[in-house]
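Q: In case it helps, Swiss-Prot gives these features for our protein:
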- 38-45, 85-89, 143-146: GTP binding site (BINDING)
- 10-20: compositional bias 'Pro residues' (COMPBIAS)
- Cys234: S-palmitoyl cysteine (LIPID)
- Ser25: phosphoserine (MOD_RES)
- 1-28: region 'Disordered' (REGION)
Amino acid sequence: MPPRELSEAEPPPLPASTPPPRRRSAPPELGIKCVLVGDGAVGKSSLIVSYTCNGYPSRYRPTALDTFSVQVLVDGAPVRIELWDTAGQEDFDRLRSLCYPDTDVFLACFSVVQPSSFQNITEKWLPEIRTHNPQAPVLLVGTQADLRDDVNVLIQLDQGGREGPVPEPQAQGLAEKIRACCYLECSALTQKNLKEVFDSAILSAIEHKARLEKKLNAKGVRTLSRCRWKKFFCFV
């Protein structure tokens, strides 16, 4: 019997290649500019540092102009908030006003244990804001709330012949008078209500931008209490 001829086995047919799944393009990042104003030494820098970097400045250093950037998620969409820390001293009035245009939201800050800083909200800060930016929302923020019941602070106020801490109802009344979005008290040291301040600022800015772009639907923006909220980066 003649030997059988061996033939090379044909390779099995390759399975049809399937294209890799397409990655969903990331939603565009929304940018928000938030400017903090108020008298010197009321704790504006401390608010920003405590919120963005989870730290607390060990000593007071007057600010000329600093910016911080944080990325967060709101309803799954990336939002980058730029926090502008301004100087409260008169020497920086001209420099400070340069950052007011294109601001999406202002935090008008006063210390609850410095009545003069509260008085300056209506005498200086609100007029200055509205001169350069008449439409952006304003939040009234009472800082250093942890000192409201501090015995040493109360003694110093009494010995100096100054008024006591600013009553919360009085601050609430001012917020209504100046048509601020809300009034919030917070502490950079203990971080009490700190997140709520910036949550409210971001929400107010988003709604303001939506109104300007005429894209705010009937339901509006969901409250941040229902949103997934994550902080990613801090750039100083």
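The backbone N, Cα and C atoms fix where each Cβ goes, and this holds for glycine too.
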Q: Just to confirm: which same-chain residues, 6+ apart in sequence, have a Cβ under 8 Å from the Cβ of Gly38 (GTP binding site)?
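A: Residues satisfying the criterion: Lys44, Gly88, Leu107, Ala108, Cys109, Phe110, Ser117, Asn120, Ile121, Trp125, Val141, Thr143.
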Q: Please work out the number of neighbouring Cβ atoms within 10 Å of the Cβ of Gln89 (GTP binding site), leaving out its own Cβ.
A: 14
Q: Same chain only, sequence gap of 6 or more: which residues have a CB within under 8 Å of the CB of Thr86 (GTP binding site)?
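A: Once residues fewer than 6 apart are set aside, Thr86 (GTP binding site) is near Val35, Leu36, Val37, Lys44, Thr63, Leu65, Phe92, Arg96, Cys99.
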Q: Just to be sure I understand the packing, how many Cβ atoms besides its own are within 10 Å of the Cβ of Ala41 (GTP binding site)?
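A: Excluding its own Cβ, the number within 10 Å is 17.
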Q: If you count Cβ atoms within 10 Å of the Cβ of Ala145 (GTP binding site), leaving out that atom itself, what do you get?
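A: Ala145 (GTP binding site): 24 neighbouring Cβ atoms within 10 Å.
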